[in-house]
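Below: one structure, written as structure tokens.
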Amino acid sequence: MAQSTTSETHTRDLDRDCTTLSRHVLEQLQSFSPEAQDLAALMQRIGLAAKLIARRLSHAGLVDDALGFTGEINVQGEAVKRMDVYANQVFISVFRQSGLVCRLASEEMEKPYYIPENCPIGRYTLLYDPLDGSANVDVDLNVGSIFAVRRQEFYDESHEAKDLLQPGDRQIAAGYVLYGASTLLVYSMGQGVHVFVLDPSLGEFVLAQSDIQLPNSGQIYSVNEGNFWQWPEGYRQYIREMHRREGYSGRYSGALVADFHRILMQGGVFLYPETVKNPTGKLRLLYEAAPMAFLAEQAGGKASDGQKPILLRQPQALHERCPLIIGSAADVDFVEACLAESVP
């Protein structure tokens with residue numbers, strides 16, 4: 001009996017180690033069609049970008065030009081970190097010759113990067129935040145990368161990328177990479193949320209958890225309370241209520257990926273409200289809020305801008321910003337109720 005149990009354990013371990021990103025995508029799509037193979041290859045390329053960024057981060061204090069600022073200001077009006085530039089270039093380099101995408105849109109670029117005509121051109125667009133929470137790099141805290149995959153809706157001859165201005169429910173895949181104690185890649189193609197861990201000995205992302213489900217509620221709220229007096233009253237009302245409730249904890253790291261991953265695993269809610277300084281919100285809709293909302297809903301949670309689901313919000317611009325309330329369904333509902341009650 002003991003030998004049988006040991007054998008079954010070894011079989012499960014081998015099955016897990018053999019479930020790589022590309023294999024998992026093909027299993028999810030239940031197809032070996034050219035489109036399915038392209039999506040599997042695309043996800044594998046995202047994994048390659050993650051490995052390169054993870055390697056650079058692990059040597060951040062030992063190599064030149066990894067820490068600190070470049071002295072430039074990006075399209076968002078934010079000071080550019082050296083690792084922002086590196087991570088953005090990694091994604092471009094990984095996909096330029098891949099034949100999988102026609103363009104890439106990033107937080108770090110005012111306009112999308114179009115694959116040159118002398119390179120193979122694919123049918124997909126990758127939208128991404130190359131290094132979320134990059135202010136954490138210099139103090140060795142968690143950071144991440146966020147991505148979303150969309151089909152090209154029509155031929156973009158004018159290079160205005162207007163077909164990208166579609167609600168988040170048009171995404172065909174979304175996910176993030178968390179660079180921390182281990183490197184995790186979390187993704188969904190509309191069939192649940194799945195977690196992969198980078199195994200350094202194999203050099204591969206292997207499946208760690210399938211079909212993650214967000215608890216209906218949790219006892220964690222994640223928000224930068226330093227902005228308390230800049231928020232609309234409904235958010236302040238919610239925080240006051242959390243302070244009164246026993247057992248609730250505030251956790252905030254400054255990286256959306258890290259904070260959302262905690263919520264995904266343990267339940268609760270992440271908030272990034274609009275403020276007096278940023279009346280339309282701070283997070284970017286297309287490559288931060290919408291990908292995370294896609295994951296939250298696939299895991300049984302919710303994501304809202306305070307008035308409507310994030311995935312139903314119609315973007316008007318590539319770098320459009322929005323408020324974000326995301327996490328366990330009951331907790332998001334409660335925040336929305338606080339906002340509704342505060343409206344005169």
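Note: Cβ is positioned from N, Cα and C throughout, glycine not excepted.
Just one of Glu107, Glu108, Glu153, Glu160 is listed by Swiss-Prot for the same Mg(2+) 1 site as Asp129, Leu131, and that one is Glu107. Substrate binding, as stated in Swiss-Prot, involves Asn224, Lys282; the candidate among Tyr187, Tyr238, Tyr248, Tyr252 given for that site is Tyr252. Per Swiss-Prot, the candidate among Glu246, Glu274, Glu288 that belongs to the Mg(2+) 2 site alongside Asp129, Asp132 is Glu288. Residues Asn224, Tyr252, Lys282, recorded as binding substrate, reach a greatest CA to CA spacing of 16 Å. Looking only at Cα atoms, Asn224 (substrate binding site) sits nearest to Asp132 among the binding-site residues Glu107, Asp129, Leu131, Asp132. Comparing CA positions across the binding-site residues Glu107, Asp129, Leu131, Asp132, Glu288, the one lying closest to Tyr252 (substrate binding site) turns out to be Asp132. Around Lys282 (substrate binding site), the C-beta neighbours below 8 angstroms that are at least 6 residues distant in the chain are Tyr272, Glu274, Thr275, Arg321.
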